[in-house]
Amino acid sequence: MADIHISESLSRFCGNDTSQAPWIDGDFTPCFHESVLDAGIPVACASISIITFLVTLIIHNKGSSRHTRSGYSPLLSQPTTEDDEYDYLSPRTGLEVTSNTSLSKNAVFVLACLYPLSLSVAWTVLRSGEDKGTYLFIAPLLATAAWTYITILALLRISQGRYPTRSLTSHLMTFLILNIPVALFRMRTTILQETSTLGLALIAGYVVDNLLLVLILLSYKTAPPALLQAPIVNEGERYPCPEQYASWIERALFTWGDPMIRLGFRRPLTAAEVWDFCLSDYISVVARKFHASVAASRKKHSFLVQLIINFRHRLSDQLAWAILWCSLSFVGPLGLERILHFIKNKDTIPVGWGYFYVACTFVGLLMSTIAYSQMLWRGCRMGMQIRALVLGEMYSKVLRRKDKAGQAMKRPSSSSSSSSSSSSSSSSGGGEAIAAAEETRGDGSRYESEKKEEETFTNGAVNNMISIDTNEIAQSSHCSHEIVILVLQIILTVIFLFRILGQSALAGIIVMACLIPLNTRIARYATKIQNDLIAATDKRVEQ
């Protein structure tokens, strides 16, 4: 009964579209196309955007509470001087950041948002006489409501001027990117149905309009500075790094560094012309974020685990780019295989598929290059911050170590105290003798533990930690994504080999499996040589 009721509801909603399946004769049905693709997806995106804004507003108003606990305590958990606090709170530049967003770009952006809205309104007016219970009347209304919301977001984005909210751009970008495949599929349907020239022109303009909106959003800057245009007035000031103000396209292609490269190509750079660090890259900022992360943890963790917790967002960001690069790295071979298949069967395959394969291969390789560059950039940046943080903690620990002279003077005093306690035990009571003996044993055990620590952390070992081990930690954080990527690459390679070669791919898999013990043995031998080299360096520093 329930199935019959659902079928009757769908038939009543779809009206004259009596087909039950959404895909018939190589295309979606008109009911599915208009109710789901043209209206359902935009309304769903707009609803999610509104819910996200409301949840964010509630969270910000409510505030977040922090939990404290006793665990790993950083050596420098608070600013020691007023200068340190100033370095943490303010970037080291006195330059005013100005916006160069042109009025013409904003005008084009508004007009591009009004075009799909006007199409939806015209669509609603033309369908105003249809049955109000069918998709012919409901779908235009939903599409108009969704594009009205998007137009309002676009106007809010422009009205914010110099410092726009990043969330507005993210919501607009997500909506438009998801709408591009829908627009392309709608144009495909228009071509297959051989509609009028006016209809084809309108849908082609709709596709171009979506692409134009995405490009304009990608080219927007949050607050771009005037780089290398005005001289620095105050001593000690430097130009701000343009990365933190760059647009999405400039961040993806690293074109924000072109002014510095061009200037360095023309003449040698001076210290005043070198851009300042981003505020998030200062060691004072990194250290205080790490200390806050330690203080907010509920459980006690080791230093390595605390580093992972503190940099978990950067690690996940790097891993996401690595997975995207690993997945797109197979686009080239797969696209070449499909192009060769098209050439071999070009008499039976439409020409449009050939253009589609070539375009997808180009876009896939371009995105693979961008993903690889972003993965390396984020890894290098995280490694630099981790290395600076580890060096700061190590220097703080080294400066608090007791000198060897004090350790050498400790043992004689301990022996003299033991002799005096033994002499006094003959004249004193048994209880005092037992207490003196326990105190002597406690001093001796402390001395032994401190002596063992001194033998372990010699000057040479500390020097190697500062010069070698910190670099190893930075390199390991830089390449941490390979733990997941190597496994994913092996799985995808095996899948594609079986797809192309069939069972013949087993030969290559067997060879790779046989080489695993040899590679493991070579890696262990290289690690042993490196440890021996580090031990020899320790002895040389001690001498």
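Note that Cβ sites are derived from N, Cα and C of the backbone, with glycine treated the same way.
Because the structure is a prediction, the values reported are computed rather than measured.
As written in TrEMBL, here are the features:
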- 413-437: compositional bias 'Low complexity' (COMPBIAS)
- 438-455: compositional bias 'Basic and acidic residues' (COMPBIAS)
- 319-543: domain 'ABC transmembrane type-1' (DOMAIN)
- 64-83: region 'Disordered' (REGION)
- 403-456: region 'Disordered' (REGION)
- 39-59: transmembrane segment (TRANSMEM)
- 107-125: transmembrane segment (TRANSMEM)
- 137-156: transmembrane segment (TRANSMEM)
- 168-185: transmembrane segment (TRANSMEM)
- 197-218: transmembrane segment (TRANSMEM)
- 319-336: transmembrane segment (TRANSMEM)
- 356-377: transmembrane segment (TRANSMEM)
- 483-500: transmembrane segment (TRANSMEM)
- 506-523: transmembrane segment (TRANSMEM)
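Sequence-distant neighbours of the transmembrane segment (356-377) (same chain, 6+ residues past either end, Cβ-Cβ under 8 Å): 252-254, 318, 321-322, 324-325, 328-329, 331-332, 335-336, 338-339, 342, 481. Tallying C-beta pairs under 8 angstroms between the transmembrane segment (168-185) and each of 39-59, 107-125, 137-156, 483-500, 506-523 places 39-59 first.
Proximity of distant same-chain residues to the transmembrane segment (506-523), defined by a Cβ-Cβ separation under 8 Å and at least 6 residues beyond the stretch ends, is recorded for 494, 497.
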